[in-house]
Amino acid sequence: MTKDFRENVFQGRSVLAEKDFTAEELEYLIDFGLHLKTLKKNHIPHRYLEGKNIALLFEKSSTRTRSAFTTASIDLGAHPEYLGQNDIQLGKKESTSDTAKVLGSMFDGIEFRGFKQSDAEILARDSGVPVWNGLTDEWHPTQMLADFMTVKENFGKLKGLTLTFMGDGRNNVANSLLVTGAILGVNIHIVAPKELFPTKETQDLAKGFAEKSGAKLLVTDDLAEGMRGSNVVYTDVWVSMGESNWEERVNLLKPYQVNMEALKMTGTPDDELIFMHCLPAFHNVETQYGQDIKEKYGITEMEVTDEVFTSKYARQFEEAENRMHSIKAMMAATLGNLFIPRA
């Protein structure tokens, strides 16, 4: 039988949450990202989206996500158009559904970085074009593609590795790591104070995927138990965008700082251990935030020490670069009319 070369399991699909994809699909996007990174490094054109127009919607400020989507679009031959919080009125002056219909008639794809997951879902439902979640309060799928691409780049595999997230176990990055790792067969440890454990709903969702993949999941407030056997130690800011309860959060999370003592708890050989952070990081006092934190709480480092952040284990800048390559893979796969048959 002749294959239909128009077949593409991703074409026209939105990327709203990791749970919507199989392990095989996620691994394809990760591997495609690695391939596109090689093309980029060797100055080989890959303009799969020539002539396409991409809307970049940002309710929340961004450095890496905006830069990654912009450069990825241009490399793929598309034109990105940035619409910031002063340009879009989701649910304020115009309903999200109406905005979706207007943008969908003008653009070929939409990136959305905002607060409500429901807004991303409405945009995908009513725009008629692929919508890519650049971050919501619940999920961060584009970060996950970059993260697990970075892990595979360093270890040559994913399945069977152990990734430990230490910090606020309720935030979107922790949610996404727990679920994505469970889908991919990566053991995930969440090390956090009990008050900041992932919700039961998120844990149950991850457990369902882990039963199929064989991933081992652990949620604990015990540092020694949680760090043991880790290949990847990951952290994020202690207080997320828009939150104001700094003092309570800092006091809760002080024992959960990623420092050299914590890395030693892994018992993992140096060449089998890396540190990751989705950035920005409060690892010194070279920012206004850092100065404010020092004045209010008497600390010069928060979620990670400068020693770890600048150590041989650190991969956060490689991880940040991979945002571009993995986003490029996602955009090309869902909008580029490529031949990607079902496995």
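From the backbone N, Cα and C atoms, a Cβ is placed for every residue, glycine too.
What Swiss-Prot says about this one:
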type	residues	note
BINDING	SER62, THR63, ARG64, THR65, GLN89, ARG113, HIS140, PRO141, THR142, GLN143, CYS278, LEU279, ARG323	carbamoyl phosphate binding site
BINDING	ASN172, ASP236, SER240, MET241	L-ornithine binding site
Please report how many Å separate the Cα atom of SER62 (carbamoyl phosphate binding site) from that of ASN172 (L-ornithine binding site), as a whole number.
15
The record lists SER62, THR63, ARG64, THR65, GLN89, ARG113, HIS140, PRO141, THR142, GLN143, CYS278, LEU279, ARG323 as binding carbamoyl phosphate. What's the largest Cα to Cα distance among them, in Å, rounded to a whole number?
28
Close binding-site residues near ASP236 (L-ornithine binding site), where close means Cα within 10 Å, chosen from ARG64, GLN89, HIS140, THR142, ARG323:
none
Taking the Cβ of ARG323 (carbamoyl phosphate binding site) as the centre, how many other Cβ atoms fall within a 10 Å radius?
27
Want to know which binding-site residues, from ARG64, GLN89, HIS140, THR142, are within 10 Å of ASN172 (L-ornithine binding site) at Cα; which are they?
HIS140
I need the most crowded of these binding-site residues: SER62, GLN89. Count other C-beta atoms within 10 angstroms of each C-beta and give me the top one.
SER62
Least Cβ-crowded entry, counting other Cβ within 10 Å, from the binding-site residues listed as THR142, ASN172:
ASN172
Find, among the binding-site residues listed as ARG64, HIS140, ASP236, CYS278, the one whose Cβ has the highest number of other Cβ atoms within 10 Å in the structure shown.
HIS140
